[in-house]
Amino acid sequence: MHTKWKTWAHVTKLDPDKHLTEDEIAEIATSGTDALILSGTLNITKDNMSQLRDQVKEYGLPLVVEPAGPESVIFHGIDLLYVASVMNTSDARWIVGKHRDWAMNPDIVWEKVIPEAYIVLNPNSAVGRVTGADCGISAEEVAAYASIADHYFKFPIVYIEYSGMYGNPDIVKRAGEAIDHAVLYYGGGIDSAEKAAEMAKYADTIVVGNAVYEKGVKTLLETVQAVQ
């Protein structure tokens, strides 16, 4: 296990349902990003998750799988499994329900599992729609969810997820101020060095995903250089 995950400043999220060339994968893997997270919300299966893992594993970066559901969980050939619970949804399936179904599997490698407390804040994102997250909450409510996740539920990661749009830095700042032990992740809309540097002021780890597909690897490199 890569035990230094708490020190990662920049991680890159790759979607098994989207295509990258071999050259693009090589550039991403050698960009200076600290780790790769293999994750997506729609059309994610064990097969395409495993295929993406096989494409990137030769580069030696820490590999994390963040499954959308039990159907896309893999353990072989990866370092960690990030499992999200959505704090700001009233649909219990996304807090603990799907987790219960998954835990019926006797083959779970618990040593690789890292729980995440997701706070989803983009109502137009796939993750927002699928989970029924209440994305219109205030900064105070976000901070309260973050505090509960950290102090009460003891989640090791609190993840502010704007997924596809750039978020409010003040909300991220407030969330960071509310936690004492968890690592604060921020993901959403980071497509420039300036945005990466701004969110890195408040989050321990920034996540760059869509920019890889929408703006190219050059933009990813700029975000890495801004925070490393």
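Backbone N, Cα and C define each Cβ position, glycine as well.
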Site-mate of LYS13, TYR159, ILE160, GLU161, TYR162, SER163, GLY164, GLY209, ASN210 for sn-glycerol 1-phosphate in Swiss-Prot, selected among GLY32, GLY136, GLY189: GLY189
Residue among the binding-site residues GLY164, GLY209 whose Cβ has the most other Cβ atoms within 10 Å: GLY209
Listed in sequence order, residues not in LYS13, TYR159, ILE160, GLU161, TYR162, SER163, GLY164, GLY189, GLY209, ASN210 with Cβ within 8 Å of the centre of the sn-glycerol 1-phosphate site Cβ atoms: ASN122, SER125, MET165, TYR186, GLY187, GLY188, ILE190, VAL207
Integer Å distance between the CA atoms belonging to GLY209 (sn-glycerol 1-phosphate binding site) and ASP15 (Mg(2+) binding site): 8
